[in-house]
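Just below is one structure, and these are the notes that go with it.
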Amino acid sequence: MVRIDFAPWSINPPNSLPRATEILTIIEDSLEVGFFTSDLDSHLISKILFVFPIGLIHFQRNVGHANVVAIAALSSQNPGVITIANSIFGSKPDISTDILAKTFQVDKSIVEQIQSKF
């Protein structure tokens, strides 16, 4: 189990846990919590308890002016966190700018600018 303190307007960026299910409960205040599925529908839910199955990409964001406290429990001591932006734009060797530009439907210069931040 882990306590997570979210400062105002902070985020836990989109990530997945390839070796663990996560259960997250909000203790103080509230978070915006979202996840991505293959059906391409947006999933933003207002609750205090969330379960993320193994491999599901998810994120949290504090959208308020107060600190938020949450508790997470994982089904593994070694969940293997994969941060999506890091794995796409910070991979070594780099993923070709051609591939990323076509994937995200942007110019190569935009991809290069994003990659430079990783």
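Yeah, the Cβs are placed from backbone N, Cα and C, and that goes for glycine too.
Since the structure is predicted, the reported quantities are computational estimates derived from the model, not experimental observations.
As annotated by TrEMBL, oxalate binding site applies to N12, E22. Taken from TrEMBL, the feature Mn(2+) binding site covers E22, H58. Under the heading domain 'Cupin type-1', TrEMBL lists 1-112.
Shown on the structure are the features that TrEMBL records.
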| residue | record | DSSP class |
| --- | --- | --- |
| N12 | oxalate binding site | strand |
| E22 | oxalate binding site | strand |
| H58 | Mn(2+) binding site | strand |
Pairwise Cα distance for H58 (Mn(2+) binding site)/N12 (oxalate binding site) [Å, integer]: 9
